[in-house]
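Contents: one structure, followed by commentary.
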Amino acid sequence: MKLIDQVVQTFRVVKLFRDNTDRINNIDYSPSGDLLLSSSDDDQIVIYDCEKGTSKRTLNSKKYGVDHIHFTHGKTSAIYASTKIDDTIRYLSLHDNKFIRYFPGHTKRVASLDMSPINDSFISGSADKTLRLWDLRSPNCQGTMYTGGRPVAAFDPEGLIFAAGINSETIKLYDLRSFDKAPFSTFEMNQEKDCDWTGLKFSPDGRSILISTNGSMIRLVDAFSGSPLRTFTGHMNNKGIPLEASFSPDSQFVFSGSTDGHVHVWNAEKGYKVATLNGDHTGPVQCIQFNPKYMMLASACSHMSFWLPALDQ
């Protein structure tokens, strides 16, 4: 089945999970697409089986809290940010629920965390106005960048560069091999007046960068020139909260949640609204991602919804 407008418009919720008692703050698929990981403000980590459509296992992080959870390269370990006690990043074995390593350094809450798609590097951004580059094999920070503003960051799909969004007005591109040097590209944008940038994502084809905000707009810019390509609007965000926006694996569609519980879909290239989907979410849909391998969408408020297209279309 090919992902086209008419197929996207038939997506409906086929499985609803109520494992959490508070907001789900982050979700992440395993690279193979068969598992989904979530972190929640109730300090729970839930592992879902996407092939069986089941909740597989629940782990607790009551002492440290949990946010920005990501699989590492396999399905057996994850990194996440603490929300209690300190701002250390933690590396957890999902197999036996034991910590492998801690990554101390940030002095305020981590607001951005991304794992390299090709190696053991990961990058974090914090309210302490620093970006830090790490390696899973060492607790020591590999490099620190003082940004002068709250940063968000993401790797490109090939894992060769990363983008840093700073102060909701500047995107800087860095070569991973010379992280300590100046950025090789800097894109100055008009500073957002009514919202802040809360996330960056490269499109899977590497050609554009999607900027999530805590307002009712999403920006799309050219990854090579920084030129504004699209602004996606029409979804509600009247609570000033970070709403995740993400791409379909073919880079053709952009998905976002909204505070009224709906899921909105746009055509990435042309900018038009493809669909507004109702999944009966009871609260703001803060997390949304399309499966990297399967024709499946996941969205989350305080509960998790799995979406599939209607097969009779």
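Every residue, even glycine, has its Cβ placed from backbone N, Cα and C.
TrEMBL: automatically predicted annotations, no manual curation.
If you look up TrEMBL, you'll see 17-58 (among others) marked as repeat 'WD'. Mean per-residue pLDDT, taken over the repeat 'WD' (17-58), amounts to 95.
The helix, strand and coil residue counts that DSSP assigns across the repeat 'WD' (103-144) are 0 helix, 26 strand, 16 coil. Annotation source TrEMBL lists repeat 'WD' at 103-144 (among others).
Feature annotation from TrEMBL assigns repeat 'WD' to 246-276 (among others). Helix, strand and coil content of the repeat 'WD' (246-276), in residues and according to DSSP, is 0 helix, 17 strand, 14 coil.
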For the repeat 'WD' (17-58), distant same-chain residues with Cβ under 8 A (at least six beyond the ends): 65-71, 73-75, 78, 80, 83, 92, 94, 117, 283-284, 286-287, 289, 291-294, 296, 298, 300-306
For the repeat 'WD' (103-144), sequence-distant contacts whose Cβ falls under 8 Å of one of its Cβ atoms, 6 or more beyond its ends: 31, 67-68, 70-73, 79-83, 86-91, 150-155, 157-159, 162, 164, 176, 179-180, 198-200
Cβ contacts under 8 Å made by the repeat 'WD' (246-276) with residues that lie 6+ beyond its boundaries: 3, 5, 8-9, 11, 201, 203-205, 207-208, 210, 212, 218, 220, 230-232, 234-239, 282-293, 297, 299, 301, 307
Helix, strand and coil counts within the repeat 'WD' (17-58) (DSSP): 0 helix, 24 strand, 18 coil
